[in-house]
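Provided herewith is a single structure, encoded as structure tokens, for subsequent inquiry.
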Amino acid sequence: MPELKYISGFGNECASEDPRCPGSLPHGQNNPQICPYNLYAEQLSGSAFTCPRSTNKRSWLYRILPSVCHKPFESIDQGYVTHKWDEVDPDPNQLRWKPFEIPKTSQNKVDFVSGLHTLCGAGDIRSNNGLAVHIFLCNSSMENRCFYNSDGDFLIVPQKGKLLIYTEFGKMCVQPNEICVIQRGMRFSIDVFEETRGYILEVYGVHFELPDLGPIGANGLANPRDFLIPVAWYEDRQVQGGYTVINKYQGKLFAAKQAVSPFNVVAWHGNYTPYKYNLENFMVINSVAFDHADPSIFTVLTAKSVRTGVAIADFVIFPPRWGVAEKTFRPPYYHRNCMSEFMGLIRGHYEAKQGGFLPGGGSLHSAMTPHGPDADCFEKASKAKLVPERIADGTMAFMFESSLSLAVTKWGLKTSCCLDENYYKCWEPLKSHFTPNSRNPTGPN
Ligand SMILES: [Fe+2]
């Protein structure tokens, strides 16, 4: 596959023409009486027309046929996609899943859309407030099928197998340890090259932003220039038997046929685009004296709620870094959090749990449910010599952290058969080291 080109920057006003059609962007206006190359102009709005400039998002697409050229949408099989948050009774326990099983290519062909499984979520699609966590498990490319989401944005975290993503804005290749965001309404189709797995954070009604940096200053964490946007690419392709456009609308799946490929955008401009980001580019900031900074210091992207400082969901990573804190218990501390924490592992071992939490699996620590290092980790870290040390080399764990209280689906709790019933046992060996007659700590033994 030839190397793909990208435009660099987060949220910029960009413009791109397929090099086969130079001058395909109209000059000086968006909507000429006749567009260059006799293309159709179409606006894709990602925000209310009247949003302030800082949050106003739209792009203009110049395409061979407008998106409206399709047969009516009809309801199709939902598979394991759901937005019903009362399928099973609530469960406040710490939950952990073994790696979710990918269907074998030799058994049945499953593409990205038919391989979507909703694991947990909360909120309401119709009022544009909430989120869902999906797991995708697939082994085949989408053939003459594309997908778009009327409900929200997808932040896609591939864990096994690379994704070649065709979008209306061009093509992106997204490997494990990279992420991409495909925003509401954007049509895309995914090619895969092996048995493939990953995680999706869907947020309703808001878009991901870079977090404010406060006293950190102008630079750091995920830098805007490291976000990559595809360049215009089109195909003028008739499809025998019809091309299928799949739409997730109010949580349900629908399909419509059309005669041509939807990737017929010759040129586009605007600030509402898909984008990708390599997690290796994250500039990690951490304690260089003692104690921990709160894990918000690892936020890559945030989807803000209307309450100041409170996110619908944050995407947080725990990248390789140096641990240098003195007189400090260095693993994550024990805690109870008003937020819900879904964690996944792209590769390697997570620092607070050496076994059980595996790449392609997950965990959910719900609102106010206690969690922290397992007994083994506590014993080792309490006695460790506090020299500078590398943490998490070869590893990438991440968290979807939400202010909403997440409901787990029936697939998550039962059908997936991946729930680890023994998770709670990792804390059972923790024992009291209390010495009521001596303030001098001696450490565990
Ligand atoms: Fe936590």
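Using N, Cα and C of the backbone, Cβ positions are placed for all residues, glycine too.
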Based on TrEMBL, name the residue from Glu341, Glu379 that is recorded for the same Fe cation site as His335, His371.
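Candidate listed by TrEMBL for the same site: Glu341.
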Quick check on the recorded positions His292, His335, His371: which one has the highest count of other Cβ atoms within 10 Å of its Cβ?
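Per the Cβ count, the most surrounded site is His371.
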Averaged over the domain 'Homogentisate 1,2-dioxygenase N-terminal' (5-279), what pLDDT does the prediction give?
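PLDDT averaged over the stretch: 97.
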Compared by Cα position, which of the binding-site residues His335, Glu341, Tyr350, His371 is the closest one to His292 (active site, proton acceptor)?
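So, spelling it out, the nearest of the binding-site residues is His335.
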List the Cα distance (Å, whole number) between His371 (Fe cation binding site) and Tyr350 (homogentisate binding site).
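Their Cα atoms are separated by 14 Å.
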